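The next block holds one structure in the form of structure tokens; read it before the comments.
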Amino acid sequence: MTQPGDHNEHYIVSRQLQRRESDNDGRAGRSGLRHHISPIRPEEIVTVHSMPRDIKPQISHWASAAPSTRRAATAPPPEQRHIGDHRRQQHVQYITAGTEDKPPTARQPRIADAREDDIVVLVMGMTGSGKSSFINLVSDRDVRVGHSLTSCTTDPEVYPMHLQSQRHAYLIDTPGFDDTSRGDADVLRGIAAFLHSMHQRGVRLAGLLYLHRITDLRMTGSARKNLELLRSIVGPSAYRHVTFVTTMWQLLTSPAEQELAEQRCSQLESEPRFWKDFIGKGSKHVKHDGSKESARKIIEWDSLSSRGFYTRLQQEMARGMQLDETLAGSFLKSDFEHLHTKWEKELSQIEQEIESARAEDDKSVELVLLDERDTLRSRLHDIVSSMRSLRTSASALTRAKNPEFMETIARQERQEAANDPTLADLLAQDRQSKKVLDDLMLEKSRLTDTLQQCEELEALERLRNRLRREDQQHQQRLLDKGSPLGLIHRLFSRYYNSD
Ligand SMILES: Nc1nc2c(ncn2[C@@H]2O[C@H](COP(=O)(O)OP(=O)(O)O)[C@@H](O)[C@H]2O)c(=O)[nH]1
Ligand SMILES: [Mg+2]
């Protein structure tokens with residue numbers, strides 16, 4: 001049970017006052033009300049209720065100052081749940097807080113301490129689909145909302161929210177997959193590490209919201225990629241836990257625009273390449289009108305109607321798969337391989353063009369081409385390191401991304417092992433086998449790199465043999481023409497062909 005002041009949970013506070021409230025308390029308007037609360041006096045009894053969902057009091061720090069603060073077992077009766085009430089009922093104070101008013105210093109409930117009955121909702125979707133704004137409407141903590149098309153988060157971020165049911169709830173803001181190879185691998189690593197940590201703690205996801213801008217006129221490559229990754233992360237057996245949330249409806253002003261948007265919804269729901277298979281297996285689609293009320297309805301309905309689930313990615317990692325062996329990892333890997341092949345072809349084409357520009361002594365073209373070559377080389381380098389970064393075990397990933405989880409788990413294990421020596425032995429054996437497994441994976445990764453280098457070496461060897469053959473043909477043609485250049489070239493070839 002959390003205590004007032006523990007974190008920035010919102011409260012309703014009833015004060016059994018020993019004196020009449022000053023008029024100031026009653027006169028305060030909706031905003032800035034908290035500035036008008038009179039200081040709590042030692043003789044007052046303050047009861048802290050959980051916040052009903054339609055009010056955001058923001059006075060945990062204030063309540064915790066009361067010497068006789070106690071937590072009410074029940075929420076206040078519905079008739080007290082209106083901001084105007086404090087004018088009629090002097091003993092109840094409600095404080096509203098806009099998002100800008102959220103207390104910045106109070107300690108948050110930590111996801112690292114999440115328990116099995118906590119509610120965790122993953123929020124996914126392309127960058128710019130409105131994830132952070134959506135979470136900001138319901139969370140107790142301020143969310144960074146991006147105003148550009150590049151993502152401002154690289155790892156999932158955790159935002160607590162308060163539900164009527166008293167259970168701890170967390171909304172997880174995830175970055176979108178955005179077509180930069182390095183970014184995409186990192187995003188998947190972050191999501192995988194988070195999901196694995198949850199699995200290790202036995203915390204199931206209560207739901208997954210996938211946000212989509214209804215204003216998008218077509219599904220871009222990036223939108224399709226995000227959807228494919230959603231498919232492979234969740235897995236068909238958990239599709240029923242996915243809710244598609246279309247956003248930005250309020251940007252559609254004319255009836256014609258709204259009509260077109262409705263048509264796009266039907267298309268999304270009915271086409272196999274979009275949401276059809278999800279909807280067929282129980283996914284829902286809801287419209288978010290941008291309001292707090294709408295966001296709350298979506299969350300509460302979503303999280304409370306679900307008994308919880310593990311995603312396919314969690315199950316795969318728990319079976320000991322490396323990230324690049326999971327469906328989501330192998331999807332990204334094959335995407336990277338496809339790009340790698342494409343860019344390698346482009347690179348060899350550019351290298352040929354550079355040779356031609358040099359032969360024609362065209363300096364300006366050569367400079368442009370050199371620039372393009374450098375860009376391609378660095379992209380190729382990035383993609384190779386992205387592929388390498390997916391070759392990781394779930395535990396190594398969690399250690400790298402979520403050290404605080406590892407600490408929490410280790411602490412818990414120490415506590416439990418202190419009471420049970422057989423458990424201590426088991427845990428030690430488990431740690432040892434995990435370490436051996438991690439070492440094996442590292443070795444596998446190293447060998448895969450070596451194998452890849454061998455393949456690259458063989459490809460180079462094949463290229464060199466082809467060029468040698470072509471070179472000999474050129475010399476022969478020069479000799480056939482009786483040109484002395486043939487002899488000179490033959491001397492050069494001896495030099496190039498010596499290993
Ligand atoms: N009109 C409108 N704008 C929105 C809505 N949700 C988000 N935005 C804007 O869209 C941009 C991207 O939103 P953000 O929440 O950062 O998207 P994210 O990348 O998915 O987290 C921001 O400029 C938001 O202000 C919405 O429901 N309606
Ligand atoms: Mg965001």
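Each residue, glycine too, has its Cβ placed from N, Cα and C.
Automated prediction, rather than curation, is the source of TrEMBL annotations.
Looking just at the coiled coil (333-360), the mean pLDDT is 94. Feature annotation from TrEMBL assigns coiled coil to 333-360 (among others).
Per TrEMBL, the feature coiled coil maps to 437-477 (among others).
According to TrEMBL, the feature compositional bias 'Basic and acidic residues' maps to 1-28.
Positions annotated as compositional bias 'Low complexity' by TrEMBL: 64-74.
Taken from TrEMBL, the feature domain 'G' covers 121-181.
Within the chain, the coiled coil (333-360) has long-range Cβ neighbours (under 8 A, six or more residues past its boundaries) at 181, 184-185, 225, 324, 366, 369-370, 372-373, 376-377, 379-380, 383-384, 386-387, 390.
Nonlocal intrachain contacts for the coiled coil (437-477), taken as residues 6+ away from its ends with a CB within less than 8 angstroms of a stretch CB, comprise 320, 322, 388, 391-393, 395-396, 486, 489-490, 493, 496-497.
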